[in-house]
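Copied from TrEMBL, the annotated features are:
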- B:1-20: signal peptide (SIGNAL)
- B:45-160: domain 'Response regulatory' (DOMAIN)
- B:Asp96: 4-aspartylphosphate (MOD_RES)
- B:224-283: domain 'HTH myb-type' (DOMAIN)
Amino acid sequence: MEYSSLHRQLATMKKSFFDQGFLDEQFFQIEELQDDVSPNFVEEVVTLFFKDSLRLMGNIDHALEKFPQDFDRLDSLIHQLKGSASSIGAAKMKNECTVFRDFCDKENQEGCIRSFQKVKKEHACLRQKLENYFQLLRQVGPVAKATRSGN
Amino acid sequence: MHTSFYLTLLSSSFSTTVTSSSAPQESMENPLPTSRAEAFPAGLRVLIVDDDPTWLKILEKMLKKCSYEVTTCSLATEALDMLRGKRDRFDIVISDVNMPDMDGFKLLEQVGLEMDLPVIMMSIDGETSRVMKGVQHGACDYLLKPVRMKELRNIWQHVYRKRMHELKDIETHNIHEDTNILRNGSEDPDDRQYVAGTEMSSVRKRKDLESKEFVDHEFNDPSTVKKARVVWSVDLHQKFVNAVNQIGFDKVGPKKILDLMNVPGLTRENVASHLQKYRLYLIRLQRQNEGRACSGNLSSDFMNGENRGNNGFNSSTNIQSESELTTYTSTTENFQTQGIVPSVHISEPKKIEPVQIIGSKKVPSNDVLCASKINNAPHLSVLLSFNDKMTDIKACEPATPKHKPLLSGTPMMQFMQYPKQESCNILSEYSCLTYVDQNLDPSFHQYSSTLPAFISATCTSEKDVKDLFEMKPVLTDYRNGHFTAIPVQVKRGAVNAQDIGAGCKVAGSPSIQDCYLNDKYSQGYFPLTYEFSLNGETEADSLPEDVHLCSLQKIGSIENLGFSSAEIYQYGDSTPTTDVESNWYDSSELNGEYSYDPVEYPLIDEYLFA
């Protein structure tokens with residue numbers, strides 16, 4: 001099959017996500033779920049994730065502000081966020097969540113704040129990348145399916 | 001053929017119309033048993049519960065790809081409603097551990113108990129302790145997120161396995177039943193007569209009922225052999241115990257019990273499994289009683305290192321063990337027919353101290369047992385039931401709030417509600433039990449006169465245990481052998497004391513059983529559920545040092561306790577042991593006032609469901 005340059009671009013982009021550790025295996029899993037019944041499954045899931053994670057991060061921001069010493073609460077919130085990040089394979093973000101969690105365990109408020117900034121950063125970064133990705137994907141159209149792994 | 005038999009069984013549950021949507025299925029639709037059975041595991045009806053919408057979407061898709069019928073739910077309470085609303089609507093439940101409205105473990109327990117469905121837990125947290133907790137609460141599997149589709153593909157095995165076990169139970173029991181009928185297998189002549197007379201009819205009745213209850217909401221498939229869950233309510237359990245007592249513990253058998261109980265709809269296998277659990281419970285009690293001579297040893301029993309001199313028992317209790325008590329042998333196999341916990345008789349209410357919870361004391365649960373004729377030897381630990389909500393806590397105002405009785409030779413007190421009887425020894429015992437710390441506020445003594453009929457302790461995991469001790473004894477009308485309420489909830493869960501450093505296992509049924517009358521002693525005893533041993537083994541020698549706080553965590557495998565409804569059943573969240581301990585230490589409420597009536601109390605002991 002002839003791959004247009006767009007296809008190649010897509011493939012390269014995706015590969016870089018994995019190589020650089022932004023995404024992990026779970027993303028492949030989601031891709032595999034996409035089928036005729038749900039042709040836009042991946043994008044739907046990713047969109048849902050970013051929307052919901054904003055909510056969760058807002059909760060953490062709020063907690064850091066209002067209850068900065070309530071590490072149990074923070075732990076529980078970051079646990080949720082981490083679980084959410086794992087759903088699409090957002091590896092870097094997930095790792096930052098773990099760091100945050102460690103700080104919670106040690107009750108290190110400063111550490112929590114710092115690491116949460118990183119979480120947010122990773123979140124924003126991944127979001128941007130995936131937005132670009134889907135934009136490109138839409139340009140390529142349905143044929144793009146061929147570039148997905150595991151098909 | 002075996003396989004087809006199973007398929008037929010399975011088909012009964014799959015006979016709802018298979019659709020590709022995740023809309024709820026009507027269980028009363030025209031059954032299509034054949035197609036569904038043949039399609040198994042396709043069409044498996046799965047309920048997913050997860051508060052994360054992203055995961056919910058992903059899992060739904062994964063399950064649909066496995067050709068399962070999926071229903072999603074983002075709230076645990078919603079899930080429970082769905083499950084309760086229509087029984088037999090789902091075959092299996094998958095739930096995340098961390099839910100906002102309810103602890104996933106609690107949901108797990110409820111589902112297992114009420115609906116007897118296999119439940120799979122999920123979490124991003126794969127820590128061994130968490131997984132273990134899941135297993136303890138009855139999860140049939142524990143998946144780590146991110147979950148792969150291949151893991152979901154195989155979940156049908158849990159449904160299948162359960163069905164197979166149920167079938168096996170039924171078959172076994174039926175076989176035994178038949179055998180018994182043939183042999184007229186009662187050794188007791190009276191019983192035999194009784195049995196002979198009612199045998200055929202009762203057997204027939206049972207069988208009819210069995211098939212009827214199996215059919216239940218189901219379709220008109222007579223081969224439906226789904227096991228109907230029996231809820232062992234207080235009343236039902238009491239009937240059971242009465243029957244056991246009447247028959248004589250050593251001669252007891254499921255069929256006899258069943259006949260005596262004369263409960264329509266109850267099957268022999270229900271009774272058999274209940275009996276088994278009951279036996280295990282008694283064994284456990286017995287174990288705890290081992291090495292516990294009631295007389296005189298109490299002091300050592302309840303002392304902890306810190307408070308050697310303060311053992312109230314020394315001063316206040318002359319615990320005499322009934323001879324019956326000594327029947328508890330040291331081997332679990334031998335547990336005596338006195339399996340029925342003798343009630344505690346307290347001849348005189350001596351310095352009845354409020355029940356205390358000892359922080360890290362291993363409370364010998366058998367104390368209660370020993371208590372059969374113990375004179376004011378409340379070495380019974382009251383069963384503490386912890387619940388998410390602090391319900392049913394009767395407040396006993398602590399006499400000395402700041403006391404640290406917990407550490408002072410106070411045996412752990414577990415509170416159970418137990419009915420007041422003519423002679424409520426137990427409470428007096430308990431009271432003695434608790435706290436005989438000399439340093440205690442003498443106001444404790446005021447309680448010598450009134451024994452609470454019930455001490456119900458319900459502790460929430462969230463609240464401090466100290467709340468627990470705002471308990472007032474609850475008098476119930478035990479004379480009739482009925483309790484008005486048994487709000488004690490037992491926390492389930494077993495915590496290995498060694499692991500947590502202070503834990504009595506509190507094996508408990510989620511609900512406290514009813515108090516039942518013991519013929520022999522004319523006392524009822526209330527089964528407490530707790531287990532004070534480390535891993536089921538009481539080390540009597542080490543008691544003084546190793547009193548462990550009864551962990552209020554849920555204990556082990558209390559499945560199917562079958563206590564009646566949610567009112568009774570409450571599953572407390574597990575409180576980390578340490579928390580519990582500290583709470584308990586702080587809960588001088590324990591010192592609180594328990595007014596005990598110097599009446600004989602039924603022995604409260606835990607009814608342990610294995």
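The backbone N, Cα and C atoms fix where each Cβ goes, glycine too.
Helix, strand and coil content of the domain 'Response regulatory' (B:45-160), in residues and according to DSSP, is 54 helix, 26 strand, 36 coil. For the domain 'HTH myb-type' (B:224-283), the mean pLDDT of the prediction comes to 76. Across the domain 'HTH myb-type' (B:224-283), the DSSP tally of helix, strand and coil residues reads 41 helix, 0 strand, 19 coil.
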